[in-house]
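**Student:** Checked Swiss-Prot, it gives:
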{"type": "DOMAIN", "residues": "48-80", "note": "domain '4Fe-4S ferredoxin-type 1'"}
{"type": "BINDING", "residues": "60, 63, 66, 109", "note": "[4Fe-4S] cluster 1 binding site"}
{"type": "BINDING", "residues": "70, 99, 102, 105", "note": "[4Fe-4S] cluster 2 binding site"}
{"type": "DOMAIN", "residues": "90-119", "note": "domain '4Fe-4S ferredoxin-type 2'"}
{"type": "REGION", "residues": "161-180", "note": "region 'Disordered'"}
{"type": "COMPBIAS", "residues": "161-174", "note": "compositional bias 'Basic and acidic residues'"}
């Protein structure tokens with residue numbers, strides 16, 4: 001009985017060594033990261049950014065839908081109002097140490113202000129450095145939707161003008177004409 005157990009043990013060890021040596025000469029899966037580009041899937045969800053509309057204004061209207069949609073509660077913002085009546089976030093903060101990059105904030109945003117980019121290099125030495133303020137998140141361009149302007153598309157009144165009378169604004173849609 002003991003000899004059979006010893007033979008099984010030696011056989012198991014030899015089989016393990018054989019598997020290790022067979023993998024030693026197989027092609028490597030490891031990439032030398034900075035020198036070799038890492039493949040990211042086309043729909044990869046990475047760093048979150050805040051975009052601007054084509055006119056250069058912030059797209060975010062501080063509706064708070066992104067913060068409500070976030071399952072971990074890593075988004076916080078405070079609404080404020082400009083002189084012309086347009087809302088904007090007084091502060092907009094995302095804690096990336098809690099963010100799970102699910103993309104629900106991007107889906108909830110009616111103005112396409114929040115967009116997820118394929119950037120994945122977010123390593124920091126201190127946890128406090130992963131809390132991004134509005135200035136850190138705001139980019140200079142429109143992101144994925146270069147022609148979209150929420151105020152132009154929504155038909156909201158701008159500066160006290162009736163809907164459809166502002167420059168470059170589409171005429172309001174008659175909802176009753178859409179009925180079958």
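Cβ atoms are placed via backbone N, Cα and C, with glycine included.
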**Student:** Using a Cβ cut-off under 8 Å, which residues of the same chain at least 6 positions beyond either end of the domain '4Fe-4S ferredoxin-type 1' (48-80) come close to it?
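**Tutor:** 86-96, 98-102, 104-117, 134, 137-143, 145-151.
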**Student:** Among the binding-site residues 60, 66, 99, 102, 105, which residue has the fewest other Cβ atoms within 10 Å of its own Cβ?
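**Tutor:** Comparing Cβ neighbour counts within 10 Å for the binding-site residues 60, 66, 99, 102, 105 gives 102.
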**Student:** Can you figure out which of 60, 63, 109 (the binding-site residues) comes closest in space to residue 70 ([4Fe-4S] cluster 2 binding site), comparing Cα atoms?
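**Tutor:** Going through 60, 63, 109 one by one, the closest to residue 70 ([4Fe-4S] cluster 2 binding site) is 109.
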**Student:** Of 63, 109, the binding-site residues given in the record, which has the fewest other CB atoms within 10 A of its CB?
**Tutor:** 63
**Student:** Please give me the binding-site residues out of 99, 102, 105 that lie within 10 Å of residue 63 ([4Fe-4S] cluster 1 binding site), comparing Cα atoms only.
**Tutor:** none
